[in-house]
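**Student:** One structure coming up, written as structure tokens, with questions to follow.
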């Protein structure tokens, strides 16, 4: 590409009427009283959009044998530009050609024709006319560069900018903004800096539109520091300048900064525009800022902004993303013009809230409005089927896609595959994959995700290597999915090896890569390694997000590592401006409770008392863990008073509290309450807790009756509770029956054999005990030893030791301390 000759100065002579015909005879006729009168009338009509009436006047001039000056044709062409009337403009062009070369080869008319076709996005015709221009001026170049930028031919637009400079035609404040736009679209920051240099040398930096376009360009290129510097140097910032920087912040995920900038803009007294409000709504939606978004809506109302398509769409997007579907409905109902995008947003909003029936109803209304479904509509419906595991709906949508020739759309094909995978039909997902002719990386990754979510690591690996044989190189998403498949299958070491392979292949792990490893470690009981991965992630320069933090806190909870948990809490306070996210607060409450600091858990919860149900659920669970039944019940009873409706997790936690406290009467009251008053259907876990509580209280018959009456098949945990109860009460007649049921339920669980063996030992049935031991040996099962963790103040990491473990490096110290503790306990008991 040619270099930019920046040692130049801009044009000193503006484009003028000197380029019109110079014939004295023609000039006199064109400006005769009659011609002048017609010119003014034509000009007035064109400015009012009355092109046909203007053409009638030109026809009248022809009829009266009046010579038509080039400026009249120029005015009509300009009117066609305003109205985007390509057809009428072509008629004028034909008339010009008919009148001969005197008009057709006139520089003024040639330029006007190029501008007209370019502004109407007729690039081919515009380029042909442009190539025939005898004199190319800044106006014709501006038109060509503008149209190329508009229709996405950004490299061509930049080549035009270079050619202008090489021909010493200096881009002005109309050309430069389009050049900046092209740089931003291509993310060519180095070229953009060159354009910036030209702007400074040509003295255009004081033009607010040029400066704003530079800020916008730097923002799109991700160079926010330079965008901010350009913005700071603008002397008189208008809304366009503020909007440019705000949009840059939002596009680069700096949503908080965008909101702060909006606040500064208002303090400066600059009136916000629709673009301003729409940008703030996007920022609010991205960061879940409900109050910020509502304030933006209020500002739009106060400033009298009409609820047009742009503002209405932004409001819909915001309210749907933050889950305020009722507000989204009100905005939708008040919008006068609704296009397919508008309908898609409200349908998507219903799907996100799990309101599939409402989404389908809106689709029906959309058809009544004579609007056709597009790929987004169908993909949203397919997503609804996937979220609700509604295979029937998914197949109906797929049939619609086939009937209306959408089956070749790769994006839709990937959503169909995802739907089948979520509905548990991976075979059908593979069929869709195989039937798709052109497979892109997204399609390969979709099938890989289906295998990964199901823990089918073997199939995932075959697909992973197969795609590379097909010439499709894996990206970071592909690597993340193959790692996930291994972790879901419990192959921790293989996942770690694959993580290293990803790095050695030149793929840099992203935030999702690290978080996937961390979460997989926690799920597979390797919480200490999860904390190490968090540290390595930070060393690589990545900042943890909310999900990474919740995973790390979960690891601390599993390890009961209060020291590390406090360190992470400190990081949250220092680095996460929106540390009040419910997921983080919930994880903090859970971590502090499981690490032995119930008071700190209460403090975290108390600062946001009753704000969200997940947070309240976590606090009830904490009380249950500590046996604080009174506090758990009080919190449970108070939920509805603050507008929170208990869910299945709430009931599970409060029943667990009753279980820990051994309060069977309170548990029965709550269990009865959810069935009779709340119209909730108890889930299997609720029945399990009640069975466990009844069995622990010696009410074995009642527990058995509850199992027989419940609408679920009993799980192993319930039967274990009954076996333990029978063991305690010496009800030997039930042990044989329950033992068979337990082994049928979970034949590979060593704990079940131990439970049954203990029950037979209490009976004195030693032959059965031996039989259980032999069955375990035949199946290759071993009793898992008890395991404990301890963290020593001032030391890194967590010490792990198991029952009868003599391999620990500090075993002598442990045994000495244990002896001292036993001695103290013995002394205290005397």
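Placement of Cβ uses the backbone N, Cα and C atoms for every residue, glycine included.
According to Swiss-Prot, the protein carries these features:
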REGION    718-793  region 'Type E motif'
REGION    796-826  region 'Type E(+) motif'
REPEAT    69-103  repeat 'PPR 1'
REPEAT    238-272  repeat 'PPR 6'
REPEAT    273-307  repeat 'PPR 7'
REPEAT    308-338  repeat 'PPR 8'
REPEAT    339-373  repeat 'PPR 9'
REPEAT    374-408  repeat 'PPR 10'
REPEAT    409-439  repeat 'PPR 11'
REPEAT    475-509  repeat 'PPR 13'
REPEAT    510-544  repeat 'PPR 14'
REPEAT    581-611  repeat 'PPR 16'
REPEAT    612-646  repeat 'PPR 17'
REPEAT    647-682  repeat 'PPR 18'
TRANSIT   1-59  transit peptide
**Student:** Under the DSSP assignment, what numbers of helix, strand and coil residues are found in the repeat 'PPR 18' (647-682)?
**Tutor:** 27 helix, 0 strand, 9 coil
**Student:** Over the repeat 'PPR 13' (475-509), work out the mean pLDDT and round it to an integer.
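**Tutor:** Mean model confidence (pLDDT) across the repeat 'PPR 13' (475-509) is 95.
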**Student:** Residues of the same chain, at least six outside the repeat 'PPR 10' (374-408), with any C-beta under 8 angstroms of its C-beta?
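**Tutor:** For the repeat 'PPR 10' (374-408), the sequence-distant neighbours (Cβ-Cβ under 8 Å, at least 6 residues beyond its ends) are 340-341, 343-344, 347-348, 350-351, 354, 356, 359-360, 363, 366, 415-416, 418-425, 437-438.
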**Student:** In the same chain, which residue numbers or ranges, 6 or more beyond the ends of the repeat 'PPR 18' (647-682), come under 8 angstroms Cβ to Cβ?
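**Tutor:** Tertiary neighbours of the repeat 'PPR 18' (647-682) are 613-614, 616-617, 620-621, 623-625, 627-629, 632-633, 636, 639, 689-690, 692-694, 696-697, 699, 710.
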**Student:** Same-chain Cβ contacts of the repeat 'PPR 13' (475-509) under 8 Å, 6 or more residues past its ends?
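**Tutor:** Sequence-remote neighbours of the repeat 'PPR 13' (475-509) are 441, 444-445, 448-449, 451-457, 460-461, 464, 467, 516-517, 519-521, 523-524, 526, 540.
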**Student:** Which sequence-distant residues neighbour the repeat 'PPR 8' (308-338)? Criterion: at least 6 residues beyond either end, Cβ under 8 Å.
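**Tutor:** Here the qualifying positions are 274-275, 277-278, 281-282, 284-286, 288-290, 293, 296-297, 300, 345-346, 348-350, 352-353, 355, 369.
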**Student:** Could you count the residues of the repeat 'PPR 8' (308-338) that DSSP puts in helix, in strand and in coil?
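**Tutor:** Once the DSSP states are binned, the repeat 'PPR 8' (308-338) shows 23 helix, 0 strand, 8 coil.
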